[in-house]
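As written in TrEMBL, here are the features:
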BINDING   G98, E99, S100, G101, A102, G103, K104, T105  ATP binding site
DOMAIN    4-545  domain 'Myosin motor'
Amino acid sequence: MNEDGVDDMASLSELHGGSIMYNLYQRYKRNQIYTYIGSIIASVNPYQPIAGLYERATMEQYSKCHLGELPPHIFAIANECYRCLWKRHDNQCVLISGESGAGKTESTKLILKFLSVISQHSLELSLQEKTSCVEQAILQSSPIMEAFGNAKTVYNNNSSRFGKFVQLNICQKGNIQGGRIKFCFSPQNRVVRQNPGERNYHIFYALLAGLGQGEREELYLSLPENYHYLNQSGCTEDKTISDQESFRQVIMAMEVMQFSKEEVREVLRLLAGILHLGNIEFITAGGAQVSFKTALGRSAELLGLDPTQLTDALTQRSMFLRGEEILTPLSVQQAVDSRDSLAMALYARCFEWVIKKINSRIKGKEDFKSIGILDIFGFENFEVNHFEQFNINYANEKLQEYFNKHIFSLEQLEYSREGLVWEDIDWIDNGECLDLIEKKLGLLALINEESHFPQATDSTLLEKLHNQHANNHFYVKPRVAINNFGVKHYAGEVLYDVRGILEKNRDTFRDDLLNLLRESRYGCWGLLQEVISKHITICANACNL
């Protein structure tokens with residue numbers, strides 16, 4: 001092998017783990033972070049700027065060349081998609097996968113930026129006209145989606161906690177005529193609790209840092225340390241993130257997206273209302289009672305709700321039996337769960353409405369050919385892994401299956417049809433691992449089954465999982481960790497903490513809480529009155545993006 005490494009690892013005489021890692025390392029030492037594997041590009045995150053790598057001149061250079069004529073680059077992949085759109089007259093798609101922190105979100109933005117530039121080349125527009133066209137609107141959607149959907153985790157200070165599929169519709173003249181964003185939000189538990197060293201979604205900290213003094217007073221806001229939904233993890237600040245600048249970018253992007261001033265105010269008021277909602281505390285006095293009236297009053301005011309009705313909804317359950325209303329007092333824990341359920345539902349619905357607003361701005365004709373970009377949460381394996389990691393890794397397992405099928409299985413089948421002679425490629429099939437997760441009596445089926453039983457606990461779930469799958473080669477029954485089960489994924493073995501799985505999977509939202517929101521005096525909050533009460537399954541949505 002060349003000591004400097006090779007541009008395309010498909011040309012390696014011996015292709016195995018060691019040769020791949022050596023080649024990537026040799027290139028990485030020379031700031032060559034991109035390497036081809038045929039039509040696939042491997043990207044190594046440098047965690048530092050590389051001069052000239054993404055400048056406008058570099059885009060211009062790659063837009064004029066075919067794949068392989070210049071050194072490997074993410075722009076070359078984007079350009080090949082654009083060329084194939086016309087050469088093959090078929091829709092194109094870029095699949096971006098990798099571990100959390102590998103740079104998937106940045107790669108998505110770079111592809112969008114490149115396609116925006118070459119799209120504008122196909123138009124006779126003035127500079128002023130270019131800044132108002134749909135390409136710019138699509139680029140401006142990124143700061144908004146990152147603020148609402150990204151958060152600091154232990155290993156990544158800008159980790160995507162949602163998956164998205166960005167579709168760009170391109171007309172016959174070659175310019176972007178419109179687009180659409182499909183998304184699936186991961187379990188929203190991060191809104192109400194975070195692991196040590198992690199943060200809530202960026203938008204909350206941006207809100208507190210970016211508002212002026214008068215606006216903060218109007219929304220009764222202060223420092224992040226003063227809010228239960230932000231201070232549990234012991235991490236309210238990240239020196240690598242400017243929360244104030246993030247807020248400025250979000251507001252500017254909302255203006256580009258034609259959010260009205262009133263709509264922006266309502267979104268900010270909702271976010272503040274969620275923070276105050278988290279500060280509501282309860283004590284036991286013949287059932288749960290609100291102990292901190294200030295937080296309740298502020299939350300009710302900002303959400304446009306009656307304080308008494310909010311108190312009743314949080315501390316008692318309302319049911320109708322034979323036309324008669326029956327009120328059942330809740331325990332302190334049940335009241336906390338009601339509070340958190342309301343906060344998560346409000347945030348999820350707000351995020352969904354924001355994406356719908358973006359889509360209404362970038363929407364165009366849909367009868368054109370399209371280029372799609374799939375950016376989902378990366379594979380995760382932390383010191384402690386929860387239900388969120390299980391779902392994220394399941395989505396990645398499905399993506400790996402797609403990769404295996406199209407790169408290995410179907411390709412070699414095509415070789416056979418054409419009578420070509422080739423050396424059979426030995427690859428790892430992850431079908432059995434997926435069967436463990438998704439087939440009848442698989443992990444998902446058992447989790448859903450236990451979720452339907454009111455008396456079921458995480459311990460009874462773990463017992464069922466062990467009994468059913470202890471002999472499965474891809475299932476791990478730890479000898480020491482009593483609250484864990486494991487799965488041997490394509491990317492390695494991961495142990496999952498069973499505690500909290502049933503609560504998160506049930507994700508129920510009571511009808512009386514939904515009815516409470518309908519009473520909000522803020523008329524434009526029809527968007528929030530559609531709060532989703534059904535169970536949100538990240539895995540199913542992610543695999544159908």
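Even glycines carry a Cβ here, placed using N, Cα and C.
No curator has checked TrEMBL annotations; they are predicted automatically.
Cβ proximity to the ATP site centre (mean Cβ of G98, E99, S100, G101, A102, G103, K104, T105, cutoff 8 Å) flags the following additional same-chain residues: N45, N156, G378. The predicted model assigns the domain 'Myosin motor' (4-545) a mean pLDDT of 88.
Its own atom aside, the Cβ of T105 (ATP binding site) has 23 Cβ atoms within 10 angstroms in the protein chains shown. In the three-state DSSP classification, E99 (ATP binding site) falls within a strand.
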